[in-house]
Amino acid sequence: MWPPDPDPDPDPEPAGRSQPGAAVPGLRALLCSLKGRLLLAESGLSFITFVCYVASSASAFLTAPLLEFLLALFFLFADAMQLNDKWQGLCWPMMDFLRCVTAALIYFAISITAVAKYSDGASKAAGVFGFFATIVFAIDFYLIFNDVAKFLKQGGSADETTANKEEEENSDSDSD
């Protein structure tokens, strides 16, 4: 059921039958994760903000929510299809981090402008949803930053120990 049980069924499956979705994590497995829920919230809020800007007099701002909606859907699809494992040449965490930082900054700026400058209700609603989107994008880039920082701390210490071992192996110990 939804959400999945934290304790899976301890009974092993019969040898002849296996679940078709067990080997390939898909959209359901992604939506159970925090990253999946954040991407879904980002795309939903971006779409709602886009619709509000279309209906408002502040239609000059509708491009940013549309682009962020499409980018959030792309990253949701990429995470569901595990494209980050298939395309190793791209730095996925950095792309996602930059997407979230720029989205948070742009949403914050256009939301302040929409609320302060335009007086119609759709512009005010777009600004409010833009502020909510700013918060969601900020949470996402904060979590990405923490994950990347942890990874770099672990990688840096591992690189130092291997470098020290190589120095010890390559040093001329016979020159005493």
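Note: Cβ is positioned from N, Cα and C throughout, glycine not excepted.
The following features are taken from TrEMBL:
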- 1-21: region 'Disordered' (REGION)
- 1-12: compositional bias 'Acidic residues' (COMPBIAS)
- 30-149: domain 'MARVEL' (DOMAIN)
- 47-77: transmembrane segment (TRANSMEM)
- 97-119: transmembrane segment (TRANSMEM)
- 125-145: transmembrane segment (TRANSMEM)
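Mean pLDDT for the domain 'MARVEL' (30-149) in the predicted structure: 91. Across the domain 'MARVEL' (30-149), DSSP helix (H, G, I), strand (E, B) and coil residues number 104 helix, 0 strand, 16 coil.
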